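According to Swiss-Prot, the features are:
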type	residues	note
REGION	389-427	region 'Disordered'
COMPBIAS	389-400	compositional bias 'Basic and acidic residues'
DOMAIN	426-540	domain 'Toprim'
BINDING	GLU432, ASP505	Mg(2+) 1 binding site
SITE	LYS457	site 'Interaction with DNA'
SITE	ASN460	site 'Interaction with DNA'
BINDING	ASP505, ASP507	Mg(2+) 2 binding site
REGION	644-685	region 'Disordered'
COMPBIAS	644-654	compositional bias 'Acidic residues'
COMPBIAS	673-685	compositional bias 'Acidic residues'
Amino acid sequence: MAKKINNEYNDASIQVLEGLEAVRKRPGMYIGSTDSRGLHHLVYEIVDNAVDEALSGYGNEINVTIQKDNSICVADSGRGMPTGMHASGIPTVEVIFTVLHAGGKFGQGGYKTSGGLHGVGASVVNALSKWLEVHIVRDGVEYMERFEDGGKPVGTLKKIGKTKKRNGTSVTFLPDDTIFSTTNFSYEILAERLRESAFLLKGVKITLTDERGEEPKEEVFHYEEGIKEFVAYLNEEKDTLTPVVYFSGAKEGIEVELAYQYNDGYSENVLSFVNNVRTKDGGTHEVGMKTSMTKAYNEYARKVGLLKEKDKNLEGSDFREGLAAVLSIRVPENLLQFEGQTKGKLGTPLARTVVDNVVGEQMGFYLQENSEMSQSLIRKAIKAREAREAARKAREESRNGKKRKKGESLLSGKLTPAQSRNPKKNELYLVEGDSAGGSAKQGRDRKFQAILPLRGKVINTEKAKMQDILKNEEINTMIYTIGAGVGPEFSIEDCNYDKIIIMTDADTDGAHIQVLLLTFFYRYMKPLIEAGKVYIALPPLYKVSKGTGKKSVIEYAWTDGELAEVIDKVGKGYMLQRYKGLGEMNAEQLWETTMDPETRTLIRVRIDDAAQAERRVTTLMGDKVEPRRKWIEQHVQFTLEEDGSILDRSEEDTSAPTGESLLDAEKTKEAEQTDDTEISLFDIE
């Protein structure tokens with residue numbers, strides 16, 4: 001449990017910055033979107049308030065309940081919200097829930113460190129709810145206030161009376177279905193987020209309950225070892241090479257915790273947090289950690305003779321191959337600085353120095369005390385350098401590919417290039433098989449669409465060394481075509497295309513190729529996914545036709561639900577064709593349904609939850625059979641006849657994001673310019 005911080009949390013510590021009028025008009029500005037991601041963000045905002053209390057040492061239990069009517073209740077055992085009158089003349093509770101940017105985290109009064117970095121939590125949740133109720137127990141007295149119709153108080157704060165209940169705040173709300181495209185909460189998404197919070201709040205118990213089914217479902221997340229258990233969780237389905245290592249310390253008001261462990265994989269997985277909020281773009285704290293680790297390893301390598309005087313130092317990425325690490329720091333509000341509006345990157349200069357010192361001091365001793373293990377890790381890093389140099393060579397060759405014989409022979413007869421050389425407009429279609437590749441070549445828009453048929457087998461890059469990956473002809477061709485290098489040498493500025501679109505058959509083989517390609521992009525060209533440049537084409541499953549000649553009617557359907565609507569529209573006498581492969585479509589049909597920017601449907605692949613994405617790749621593509629078997633049993637329904645690809649789901653089914661997915665995706669109907677519909681690529685139910 002966190003050490004108590006002696007800051008007052010009372011009515012005077014609540015500051016008011018501005019009103020709440022704009023939230024319902026422009027909800028996306030406050031919660032990101034009005035799809036499933038935005039819906040779940042409401043829960044995180046209220047949970048973050050409870051986390052702030054726990055961070056400050058008040059309360060060690062948080063309960064989150066999805067109730068039968070799909071409302072959410074978040075209850076904590078903190079001090080209870082202030083219940084007196086605010087300086088503005090209305091109850092403080094009302095200020096917290098009806099005024100934007102009202103909270104105890106803006107001044108130095110309520111919290112020393114705060115997790116709710118945007119600080120708009122309670123009021124925004126209230127504004128976007130049909131109703132919200134807050135129950136407060138403070139100093140032996142219970143209070144309650146209700147809000148309806150987007151945050152309007154029903155009466156005022158009511159004093160219910162004396163109680164023996166413990167202090168705390170309970171917030172229950174029902175999201176407004178006129179604002180959100182879905183109001184169905186995903187148990188899995190909430191579980192993943194709450195598990196992460198519990199790992200970071202050592203000793204705090206977080207309980208998630210789902211009352212919607214016939215039998216209530218409940219999970220308790222409680223980790224006495226904190227981020228040490230988080231790292232073990234990240235590596236749960238991998239073969240590990242070391243125990244979990246843990247360092248902690250504090251300097252100049254900044255608290256530092258680092259846990260890490262090596263596995264036998266070839267990629268690094270570093271998750272960093274500031275005040276319990278994920279910094280997905282890293283920042284000064286992450287730089288400090290990486291710098292100090294690299295320095296400690298190189299100094300030790302020279303001390304034991306694994307690096308000679310004439311040898312160059314190993315690079316940080318060499319030491320981080322197979323590393324799973326969690327860095328969590330607590331920074332006082334007065335030192336907190338972020339780069340950019342998303343607050344995904346820490347900018348506090350002092351954080352780098354503090355993390356560097358704390359980690360550097362302890363790591364030097366640790367390497368000496370664990371000499372045998374340390375030397376084996378350095379030998380591993382030397383092998384990683386060899387792979388990195390091979391990757392750099394591949395990148396250099398891909399940059400000069402058109403001038404080099406190797407590049408020309410690799411691409412000859414495979415790539416059908418676009419006429420334009422504008423990387424901001426060009427699209428690359430990775431197409432399964434020659435027959436579909438032929439139709440795509442004929443049907444494409446030559447100006448900006450390039451076609452690369454995949455003829456041979458794509459290697460499973462999760463299990464392979466870099467040298468073996470670079471020997472795979474299909475992978476090598478993609479590297480040359482994309483033109484931005486691979487692995488640590490990848491540079492998105494050199495990418496030849498704005499969109500890289502995977503186009504496969506709607507069957508098991510097609511789905512497998514999608515997974516293999518996404519695994520490669522995730523492991524070795526991750527910036528492509530982070531920049532939103534990787535897509536999956538969604539060809540139709542059905543063609544419904546009627547009549548011939550000029551009077552003929554042709555309609556397409558992407559799901560069984562759409563098929564029923566199309567059949568009603570076409571009427572009696574229709575002919576039904578079920579597409580089993582892209583090759584069954586002629587060039588015109590392929591263009592019209594799958595390649596024309598005016599009419600096609602694309603799925604943009606996205607990573608929302610880095611820890612979950614890492615585990616999902618390992619589960620589906622790694623060496624261990626048992627985790628994969630269990631996941632398939634839980635998520636794949638087997639039928640006597642194949643119903644199509646894993647993407648063959650109705651929009652209603654696919655609106656939920658990433659609780660159990662490897663990577664997330666957004667479905668974009670480009671012609672309509674509507675809000676993106678979010679789906680999970682491997683979230684199969």
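Keep in mind that glycine also has a Cβ here, set from the backbone N, Cα and C atoms.
Rounded to a whole number, the C-alpha distance linking GLU432 (Mg(2+) 1 binding site) with ASP507 (Mg(2+) 2 binding site) is 11 angstrom.
The two recorded residues, ASP507 (Mg(2+) 2 binding site) and LYS457 (site 'Interaction with DNA'), show a Cα separation of 16 Å. Secondary structure at GLU432 (Mg(2+) 1 binding site), taken from DSSP and collapsed to helix, strand or coil, is strand. When Cβ atoms from all protein chains are considered, those within 10 Å of ASP507 (Mg(2+) 2 binding site) total 17, not counting its own. The binding-site residues examined here are GLU432, ASP505; by Cβ neighbour count within 10 Å, the least packed of them is ASP505.
Each of the recorded sites LYS457, ASN460 was scored by other CB atoms within 10 A of its CB, and the lowest score goes to LYS457. Mean pLDDT, taken over the domain 'Toprim' (426-540), works out to 87 on the 0 to 100 scale. Secondary structure at ASN460 (site 'Interaction with DNA'), taken from DSSP and collapsed to helix, strand or coil, is coil. If you take the Cα of LYS457 (site 'Interaction with DNA') and the Cα of ASP505 (Mg(2+) 1 binding site), they are about 15 angstrom apart, rounded to a whole number.
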